[in-house]
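Here is what Swiss-Prot records for this protein:
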- Glu306, Glu333, His349, His448: Mn(2+) binding site (BINDING)
Amino acid sequence: MKAFKQKQVWFITGSQDLYGPKVLEQVAKNSEQIVHGFNESSAISIEVVYKPTVKSPREIHAVCQAANSDENCVGVILWMHTFSPAKMWIAGLNELSKPFMHLHTQFNAELPWSEINMNYMNTHQSAHGCREFGFIGTRMRKERKVVVGHWQSSDVQAQIDDWCRAAAGWHESQNLRIARFGDNMRQVAVTEGDKVAAQIQFGYEVHAYSLGELNEAIADIAEGDVTAQLDRYASEYQVGNELFGDEYQLDRLRKEAKIELGLTQFLTQGGFGAFTNCFENLTGMTGLPGLATQRLMANGFGYGGEGDWKTAAMVRIMKVMGQGRAGGTSFMEDYTYNFGATDQVLGAHMLEVCPSIAAAKPRLEVHRHTIGVRCDVPRLLFTGKAGPAINVSTIDLGNRFRIILNELDTVTPPQDLPNLPVASALWEPRPNLAVAAAAWIHAGGAHHSAYSQAITTDQIVDFAEMAGAELVIIDADTKIREFKNELRQNSVYYGLARGL
């Protein structure tokens, strides 16, 4: 079963009528076998759909238009089995609005040395057919992914899956609606941004709603539904006897369950995939949602604290991209440092860290929250599982958006955190904290990020290219002088590409 049940990527093979019916029959047969192989492979998470070989400008234009209008198609894979004169592709590529990958492969892995003849050469000539197609892509300034190698190779299939996941994320971005309850945290700069520019570039919509509208949805929740929700909590988390046995804590938990159900109903009925709130805008609320927000993220919603709609969008997009993969994705904040033999960052937030990143079964507890509405708030406590991860931040620079990515290694804390009443993750940034933090600050990265152990750097690279957005990467090879030069060069490039 593919992780993406209703999404598809179309496989389109280019050729021409020059070669005659026998060669074209072989081209079609080989293409169908490749598609079958992709669909049988557990390495590729999206259904690949075979499309008949295109041999003329009219056929190419028609299939590109069909891909554009198909709601389930998130992108197309293009392969030139034979030579397909690239002028035939101009109208179709001009029309194509879905992302496309250029797969540079051939059906047979090895040459049949003792049998090869000109018929074989004319049939299996992607080595130069794909170069012709590559030229027109470059000439038309088309952003695309190029994957090279035999189609049965595990590395090739991994690259295809990365791109397919990015295409699914891009499709989600084009259709995403984000609900904002309240505004940004007062006086904070980085969470601000141009929502119109974001919708033009990324596709997602951001809409604001009053706390009154949300409170009405919460008030409509039946007490029987609240009781059923508490039963779910008891079965899914570690819950001490004192929580359900204490009348006050139980009341706080019932209020939190009602918030969760009301939020879920509001977001679902409105077609929203992500939301934000702010501890400074909680009029009429019984508290800042803690457990409620954590569970909504665990169920796939994006979230951004203090009105951070850009991070909320990226959390949702990355959750979609990571479907079916081990690891999780969460809203996160760089909170405090551990300077020592290896410098580390303790990431957390007031309450809202997604349990999809937990190393063990989370504990459900009620603790005092002292920012905004001061009250006792139920929340899940855990530490993030060890392993490679990334932090991704999207910022608005005025004339463009920049995505910043830092590769990390999440580690197990050397000691317990008995007095920390929030979920957290401890990580070591690559190449080290000194370089990573300096580069992040030079790039203007936010204190919020989308943290993930399910998503790879390559997937974010593919997504950023689909969006036409600037991406800077902080990894094991980063050096500050080179990184600062990259930022300067990017400023010139994007200024010329889009206008100052």
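Keep in mind that glycine also has a Cβ here, set from the backbone N, Cα and C atoms.
Neighbours of the Mn(2+) site: apart from Glu306, Glu333, His349, His448, residues of the same chain with C-beta atoms within 8 angstroms of the site's C-beta centroid are Gly304, Gly305, Asp308, Thr311, Phe331, Met332, Met350, Glu352, His447. The Cβ of Glu333 (Mn(2+) binding site) has Gly305, Gly347, Ala348, His349, His447, His448, Ser449 as same-chain neighbours under 8 Å, each 6 or more residues away in sequence. Taking Cβ-Cβ distances under 8 Å and a sequence gap of 6 or more within the same chain, the neighbours of Glu306 (Mn(2+) binding site) are Asn184, Met185, Val188, Thr191, Thr276, Cys278, Phe279, Glu280, His448. Here the binding-site residues are His349, His448; the one with the fewest Cβ atoms within 10 Å of its Cβ is His349. According to DSSP, His349 (Mn(2+) binding site) sits in a coil region rather than a helix or strand. Glu333 (Mn(2+) binding site) carries a strand DSSP state (E or B).
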